[in-house]
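J.: According to TrEMBL:
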type: TRANSMEM; residues: A:20-39; note: transmembrane segment
type: DOMAIN; residues: A:52-228; note: domain 'MacB-like periplasmic core'
type: TRANSMEM; residues: A:287-314; note: transmembrane segment
type: DOMAIN; residues: A:294-405; note: domain 'ABC3 transporter permease C-terminal'
type: TRANSMEM; residues: A:334-364; note: transmembrane segment
type: TRANSMEM; residues: A:376-398; note: transmembrane segment
Amino acid sequence: MLQITPVLAALKRHKVGTLLIGLQIALTLAIVCNALFIIHQRVTRVDRPTGVIEENLLTVRNEWTNAKGADLSALIRTDMQALRQLPGVQDVAVSYGYPLRGGGWDSNLSIKPEDPSRAIDAARFFGDEHVLSVLGAKLIAGRNFRADEVRMLDSHDLSSPSVVIITKALAERLYPDGSALGKPVYVGSSATPSTIVGITGNMAGFSAGTWTDATYNYVLLDPTVLVDKANAYLIRTQPGQLDTLTKAAPDALFKINRLRIIPDAENDGVRTFAEVRAQAYKDDRGLALMMGAICLLLLMITAAGIVGLTSFWVAQRRKQIGVRRALGATRNDILSYFLTENLVICVGGLVVGTVLAVSLSQWLVMRFEMQRVSPLYVLLGAVVLLLLGQAATLAPALRASRVPPVEATRSV
Amino acid sequence: MFAYYFQLGLRSLRRNPILTALMVIAIGVGVAASMTAYSVFRVVSGNPIPEKASQLYAVQIDNYGPQHNKKGEPPDELDYTDALALQQTHKAIRETSLYPVLLSVIPANADLRPIRSSSYAMYADAFKMFDIPFLYGRGWSASDDQNRTPVVVIGRALNERLFHGVNSVGQQIDLNGQEYRITGVIDSWDPQPRFFDPISVGPFGNPIQLFIPMSRAVDQQLITAGNTDCPDENNGNGWDAFLHSDCVWLLHWVELPSTADARTYRQYLQDYAAEQQRVGRFEWPPNIWLRNVTQWLDHEHVVPPETSLSLYVSLGFLLICLVNTVGLLLAKFLRRAPEIGVRRALGASRRTIYAQFLLEGAAIGLAGGVLGLLLTGVGVWSIGLVFDARVARLATVDLKLMASTLGVAILAAVLAALYPTWRAAKVQPAWQLKTN
């Protein structure tokens, strides 16, 4: 088994070929382990819970076309009433901002008045008292908004609300000792406090954010309907009614009043929550998909390269193999010689590859604000490549082991 | 001679079909991955207005102050007070503030639903500044800006939809319940990235179909369809209070043909900010920026990280494919050492060996390029699966991309063939003949 010395001696005579395979393995390791790490990060992101019961939930974005001077709050109330009467509808809420909506309003929060220096940025969801129940978000402390606390305002008349509900993550960030309920929070460096009357389980903000985003679950609910904004009607449907309502709900709304815009699904108009989620994570899924495809191709190409060069070496050394066989080497000796040779090259390549992988990761951290690759992934990549190298060498090495001893006597 | 070597090359390719196929696939796949990523990258990193990229400038004025701004950088947009002051002083040859609005065309027929089109409010100068091409009519006049006239310029696609493409100048359309007179119809105009406003809906929006005077839009209290950023939020007492607040929501562009003009304008901005400090509106020294289109797009990071990441990864992939090809070519060429020995012994010079083997490499590159073309087609077609639809729609296969695919493939293969060819040319004829 231990044929390292002759292997090294032989490799010295094939410096360039050795170098090429080693380099290829090094580069492949650098790219594959970083790519796998990116895939892992993106996939974990995609799987983050939204804190919402995602089935049977429909969002219908509505914008008024004749906003100026119209009594928009009356129009919104009429819409809600009509939607509630549609068959298959369980409950309806109106909101500007919901999990993974894609864009929205964020506010600076602090626990002292007019204190922008230590403010925390959080997503601010505007809506009525039905938002929590329609989304299916659970209150873990305190109470929901009362109907009389809900304001209907033009966005330019907005002031800080008297009461708010915040997510658990945000509560723990604002009041690390766990005493947030009933305490004040100052919204948007306001001078007047808002009282935290409820705390919900974690809920995703309006955007999937960047992949380093630690504020994913920082959400504040404001019991205010911003009448002039692009509000969405959130509709909790009875099981099996989602598809029907996707068409029926906008139709019903247009029947009441045509002076509105409800964009199509592509422009975030009428979307089931499944579509909302898919759209929010499209880039992540796409990148993971692409990285996966590239990894797979890369491994295949590298394997093919090893097969090619090893075959060449075997063909070149038929005579020497014949001599060894004639001098008493078994088939297994020949087989293990080539496998060892590949192992030596692989290990060399992997050492260089580890350095490359770490530097590549370093560069990605600087250029794209990613996290540094975990050593586990480098190890995983190294093991995969080692096995791949052995597997790719197997066929040519077996061919080599079948070279008959008589080859030694053939001179041409 | 060239044709003969090429023929030799092709014949040699047929001799080891598996090895050849491996190389062709490696080059094809590597090139296709790179070109697919490049097809997206070239659009998102392109220069949307090459003739004027160094003459148009975005203005930034720090109205936030060191306590609220981001690392000393003024906000990307202006508040209404500053934008209006600049526009009214009008120190540049042309200048315009602008912001996206939500406008809907309301059909006269009560059975039809309103049509929402991408819309901007701006000043008359903008049409000439941004080289917006007109199909019919022209932009509105400076006096329309002053009088807040309900006039509109519509896009070609909307003109097709509303008026079946005929000249609609002078017609009235209902926008958000108000009548507007059409002064012009613009031809297809869709700069990518949308340099004049990469902020509001991202740098890759749909073509704009409605333009109205900004004075009119503000008069109608049309809120921005883009971002509003406020240092303090509770400005809260209606539209006028909003206009006078420190909230930033407007972009301001100026046209300054020469560097001297730019210098003068920068000084003017400096003086303006100093004046604001003097009257007590700003409590900090002037902090202004003037960025031309190139600098502005760079500052706004319009290239999505996914796009450049994909490009780098696929280039790395191509590099590995190349290393792979070098190894395989080396194996292939050296296996023919006896043949080379015979040719050299019969009088072939090193040069001819070089020519022959490099051409063989080129032949592999060509085959890889053809495969790469097919795969690039598939790749570009499937970009929509990976990238944002707004970006994906911009990636296309054109002649230039096809030519570069072939070019890159051949160049890559010839580069890969350099070392193996050198080795092949070094074969000693005498030694080869002897061992055989």
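Glycine is treated like the rest: Cβ placed from N, Cα and C.
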J.: Quick one: mean pLDDT on the domain 'MacB-like periplasmic core' (A:52-228)?
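T.: Computed over the domain 'MacB-like periplasmic core' (A:52-228), the mean pLDDT is 89 on the 0 to 100 scale.
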J.: Apart from its near flanks, which chain residues at least 6 from the ends of the transmembrane segment (A:20-39) lie with a Cβ under 8 angstroms of it?
T.: 287-288, 291-292, 294-295, 298-299, 302, 305-306, 309, 345-346, 348-350, 352-354, 356-357, 359-361, 364, 370, 373-374, 377-378, 380-382, 384-385, 389
J.: Could you tell me how many residues in the domain 'ABC3 transporter permease C-terminal' (A:294-405) are helical, how many are strand and how many are coil under DSSP?
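T.: DSSP composition of the domain 'ABC3 transporter permease C-terminal' (A:294-405): 98 helix, 0 strand, 14 coil.
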J.: Short question: which residues 6 or more past the ends of the transmembrane segment (A:287-314) have a Cβ under 8 Å from it?
T.: 14, 17, 20-21, 24-25, 28, 31-32, 35-36, 38-39, 42-43, 46, 321, 338, 342, 384-385, 388-389, 391-393, 395-397, 399-400
